[in-house]
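Reviewing the structure listed below.
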Amino acid sequence: MPILRSATSTQGRNMAGARALWRATGMKENDFGKPIIAVVNSFTQFVPGHVHLRDMGKLVAEQIEAAGGVAKEFNTIAVDDGIAMGHGGMLYSLPSRDLIADSVEYMVNAHCADAMVCISNCDKITPGMLMAAMRLNIPAVFVSGGPMEAGKTKLSNQLIKLDLVDAMMKSADKTVCDDDVDAIEKSACPTCGSCSGMFTANSMNCLTEALGLSLPGNGSMLATHADRKELFLTAGRQIVELCKRYYEQDDASVLPRSIATKAAFENAMSLDIAMGGSTNTVLHLLAAAQEAEVDFTMADIDRLSRKVPCLSKVAPNTNKYHMEDVHRAGGIMAILGELERADLLHSDTRTVLGMTIGEQIAKYDITLTKDEAVHKFFRAGPAGIRTTKAFSQDCRWDTVDDDRQNGCIRSKEFAYSQDGGLAMLTGNIALDGCIVKTAGVDESILKFTGDAIVFESQEEAVEGILGGKVRAGHVVIIRYEGPKGGPGMQEMLYPTTYLKSIGLGKECALLTDGRFSGGTSGLSIGHCSPEAASGGTIGLVRDGDKIAIDIPNRSIQLLVSDEELAVRRAEQDTKGWKPANRQREVSMALKMFGHFATSADKGAVRDKTKL
């Protein structure tokens with residue numbers, strides 16, 4: 001029978017000092033011997049996805065205490081990728097993921113916590129906490145802050161839906177007047193919550209449902225809706241139940257590594273492909289799998305991407321639907337239900353509710369259940385009122401969207417495309433692979449051959465795009481922006497957004513060893529591995545080289561002879577694999593990250609051979 005980890009600091013005469021300190025935090029005599037449960041919050045006033053989380057820890061803690069546990073809350077850092085975008089701050093985004101994972105490990109192990117509830121939301125916070133949960137392997141439940149309501153404004157007397165990307169794109173479009181840019185800016189992000197499209201934050205919060213570590217509705221229920229409160233309350237109660245099952249009944253099936261098995265990781269990746277999620281999820285799932293010691297690799301992703309169709313298109317892949325529409329269509333349980341019916345899901349994986357994922361689908365899929373409470377839950381909708389308050393409204397759609405032929409979520413028969421929403425490409429320029437969000441690529445450029453125009457930083461690429469150097473037919477190369485080369489693997493949302501703003505969104509391709517925001521669409525290929533700083537072929541590309549991209553056949557080739565590439569490689573070995581003229585201040589913290597980082601195909605995790 002497992003012993004409470006917290007007994008290390010709460011039991012025995014020699015722990016009198018530790019108990020004295022615990023008492024100073026408010027613990028009473030009868031609390032010693034109860035499970036101490038870490039409430040891992042990420043409240044910050046810097047990030048709209050986290051600005052409403054201050055009181056969420058208290059909600060969870062009250063339920064833990066009522067159910068017989070002891071709750072102790074701490075906070076992690078949280079970086080807003082949108083605010084950090086387009087300047088040196090973006091170098092810190094991906095490294096913050098690993099820092100969050102480490103800080104959770106430090107706090108939980110230093111204080112011998114028995115379990116944890118992870119209150120996350122935005123881009124690197126959910127992955128960081130997920131990595132920590134896999135690493136620690138103690139009972140854990142995830143509950144996120146929820147998505148933002150989509151923005152809405154009138155342009156040319158027409159009501160349109162908006163999100164962050166619209167504000168960025170229109171600001172760079174010289175044909176859009178200042179008044180319209182101002183109107184879009186003030187309407188794009190109306191409430192608290194993670195940005196309203198299927199960007200990285202929402203993608204990851206959806207994937208925790210597929211992994212079995214969060215509750216149904218976690219990825220799609222709006223941050224502002226009163227119904228979301230129940231997710232926090234249930235998380236607090238359920239974590240105590242998981243503690244009892246593990247520590248009192250010796251049931252290891254409730255532990256994260258028992259729930260998030262390889263089959264569960266395949267379910268999560270299949271969901272990501274089906275919903276056209278962010279390419280960043282590939283990076284984070286690979287990293288979490290390594291922490292879980294699960295053999296889940298790019299080869300598995302490639303295999304799944306060849307058979308899973310695209311069942312949902314949400315912003316930025318379309319302007320028609322946002323997360324509030326996904327929820328109305330039944331949320332993640334509905335997409336998983338369609339995958340199950342297409343025999344593309346492992347239905348026997350477990351969840352923190354003690355059910356299999358198949359049992360949860362049977363209970364929560366709106367096309368299967370007649371339960372009015374479930375239908376009411378998925379009719380929760382936006383209020384259209386600017387607010388930073390959670391649970392501040394109780395608006396509902398009149399009906400759910402259960403149209404699987406023409407609705408937001410489709411069946412396999414009526415899929416947006418039989419080819420999935422993400423694809424891995426390989427070739428001589430990306431021997432270990434690269435990733436493209438096919439759900440955001442126009443059909444006319446699924447095959448594309450063009451001339452390379454090379455930039456050795458994101459900043460240089462932005463100047464080139466806005467300065468007129470990039471023309472139709474170019475393949476824009478942005479290199480030395482990988483985990484090592486950046487260091488930090490910046491997101492390239494500004495270059496892709498600016499290409500669209502000047503009318504080249506369907507006329508150019510972009511290839512980088514960096515990564516893309518979940519808000520990116522177009523022929524944008526990231527995670528090129530090995531990266532330039534590790535001697536990858538992307539570091540050998542020269543202006544004017546032909547590059548052939550063939551998404552249907554999963555191929556990307558630099559059309560330069562092996563002999564010429566060998567000559568170039570010898571020259572580059574002499575020069576060193578670093579950008580020629582880039583001026584960039586890099587802190588010691590970032591240098592440390594870059595020194596230990598692997599390429600994107602390994603999840604940009606630490607290279608353990610260097611430890």
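In case you wondered, yes, glycine gets a Cβ from its N, Cα and C as well.
Among ASP80, ASP81, ASP166, the residue that Swiss-Prot places alongside ASP123, LYS124, GLU491 at the Mg(2+) binding site is ASP81. Proximity note: of the listed recorded positions (ASP81, GLU491, SER517), ASP81 have a CA within 10 Å of the CA of CYS122 ([2Fe-2S] cluster binding site), given in sequence order. Here the C-alpha separation of ASP123 (Mg(2+) binding site) and SER517 (active site, proton acceptor) works out to 9 Å. Closest in space to SER517 (active site, proton acceptor), of the binding-site residues given as ASP81, LYS124, CYS195, GLU491, is GLU491, taking the CA atom of each residue. Ranked by how many other Cβ atoms sit within 10 Å of their Cβ, the binding-site residues CYS122, CYS195 place CYS122 at the bottom.
Put simply, of the binding-site residues ASP81, LYS124, GLU491, the one whose Cα is nearest the Cα of CYS195 ([2Fe-2S] cluster binding site) is ASP81. Of the chain residues outside the Mg(2+) site list ASP81, ASP123, LYS124, GLU491, VAL79, ALA84, MET90, SER93, LEU94, CYS122, THR200, ALA201, ASN280, SER517, GLY518 have their Cβ within 8 Å of the site's Cβ mean position. Each of the binding-site residues ASP123, LYS124, GLU491 was scored by other CB atoms within 10 A of its CB, and the lowest score goes to LYS124.
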